[in-house]
Each structure stands twice: as structure tokens, then as C-alpha cells.
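A.B. asks: Quick one: this structure, given as C-alpha cells, is what I'll be asking you about.
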Amino acid sequence: LVIVTRLATRDLHKPISILFCNLAVSDLFTSFSGFWISMLFITNPDVTIFGSQDMLAPYALYTTSILSTIYNQVSIGIERYLAVARSMRTRFRVARHHSIAVVFVSWLLAFLLGCLPLMGWNCLRAERSSSLLYSPFCVNYLVFITLPNVVLAFLVPLFTYLRIIIILRKRKLRMQACGQATSTYKSAETQVARTSISIWLLALVSYAPFLAGVIFDATNRRCHADLYPGAYIFRNCTAMLITITCLGNPLLYTLRFRALGAKLKALRCLSASRVRAI
């Protein structure tokens, strides 16, 4: 729905709309690859537990989609920060070609990292290094992919949205000192705080269990029979949480940021009026 709506309207020329549409594409691929893995589990459960050549492609697509989603979430947070900073009369402005370049780089990086198992970094012939939860992926590959990207998904949005709140609060205090109305800034600050907390909590709920599973996988050396069925139920729950993220992203980003965009537009108008007055 997000993709069709964005393509059917003229909002797609806006930098943030390009990022929203790309995020929806990433979520769609995540859901599709998750459905592919689910069908393999239904038809042949053993391949999702013990691993096989058939699991490399769906797992690679799943990893690529999740990485693309993370990079898009980070890009949206940075774009929102720059949008607010621009309203404070900074020189840099995010243009359409910047968003297109970010989309291209995000997918390129996601494909390169996600398809490494298809290029040879897998444990089809090295069972000792194989992951117990995501075989035939190697444990060291999962650690290499998961740790830096999950930290990126947590820290960068947290930093950008905190910076937005700080900028708006400083601007509100300056206008209070000048005896001007600050209701628009206060409303924008409240909207940013609610949205950023929701986004950060959604990322925490969806990615933290997956990170915990990878850490457990890397530190545990028991066999599949000892982990069945509890560990694999936990693995399936982490996949469900990531799928819920795909459903929550349109609500958080598309709907909430529509109101937030109106607030930021009002702030830019206030800044422009002040410049003309000076």
C-alpha cells in the first residue's frame, strides 16, 4: 500500500518519500523471503534445522532484506535530522539525487553482505563452524553481520532523534527569550520525541532477540537434538518479531512523519520569516 500510494502521488519527488518507498520495498522483500523460509519449513522441516544447500538462497535474501531495512531506517533518521538542521539555516540540503544515491548504496551494501554465503562463506562442508540455529550459515559470518548492524540500528537513530529534540528545544528557548510564541516548536518537539521512542522501541523489540540468538549460537556448542525444540521455537519467534517490524514501519514512518513533516515545514517558515525581518 505504501509503494502504490507513493507511486500514485507526486510526493515521490521529495527525498524523504523516496526513502519511505524504498523502506517499503525492503519490508516487502523481508516478508517474501520469510514466507519462502516458512514454506521450506512446512514441506521439509529438517532442512531448516540441520541446513542444506536449499537454505542458502532464502537465508541470503532474508539477510539482504533485513540489512536494507536497517540502512533505510538509519537513512531516514539522518534525513530528518538534516531537515530540522536546515530549518536552523544550515547550508546543506538533502536533494532528490542524494536520496537516490543513498538507496543505491544501501541495496549494494546489503547485497554484498547478504550474499556472502552464496559466494562461498558458508559451512556446508565445515559442520564444526556451522550455526545451530541458521545452518548452513557459519557462526563467524552471523557475528560479522549481526553485531555491527544491530548496533547501527540502535545507536544512529537514537543519536539523530536526540539531536533533533535538542535543536528544537534550544530554538524554543531562544524564542522564549525574545518573547515570541513557541507553541509550534513545543508541538514539534513532542511529536519527534514520541516518534523516536516508538521507532527505537520497535527496533529494540525486533532486533535484540535476534542478536541474543546469534550470541547464544556463537557461545553454545551443543548438538541439534539438545536444543530441540526450545531453541528453534525462539528462533521462529525472532523471525515473527522481524516480520512485525515490517508491518509497523509503514505506521511509524509514513503516518507519523506526515504530521511531523508539517511541523518541520512550519518551522522553516518561521525561520524564513525571521530572516526577512532581520
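Each position is counted from 1, following the chain as shown.
Backbone N, Cα and C atoms are what each Cβ position is placed from, and that goes for glycine too.
The domain 'G-protein coupled receptors family 1 profile' feature in TrEMBL is assigned to 1-253. TrEMBL lists 16-39, 59-78, 99-121, 141-166, 197-216, 232-255 with the feature transmembrane segment.
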A.B. asks: Looking only at the recorded stretches 16-39, 99-121, 141-166, 197-216, 232-255, which one has the largest tally of CB-CB distances under 8 Å to the transmembrane segment (59-78)?
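C.D. replies: By Cβ pairs under 8 Å, 16-39 leads among 16-39, 99-121, 141-166, 197-216, 232-255.
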A.B. asks: Compare 99-121, 141-166, 197-216, 232-255 by their Cβ pairs under 8 Å to the transmembrane segment (16-39) and return the stretch that comes out on top.
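C.D. replies: Going through each listed stretch, the top one turns out to be 232-255.
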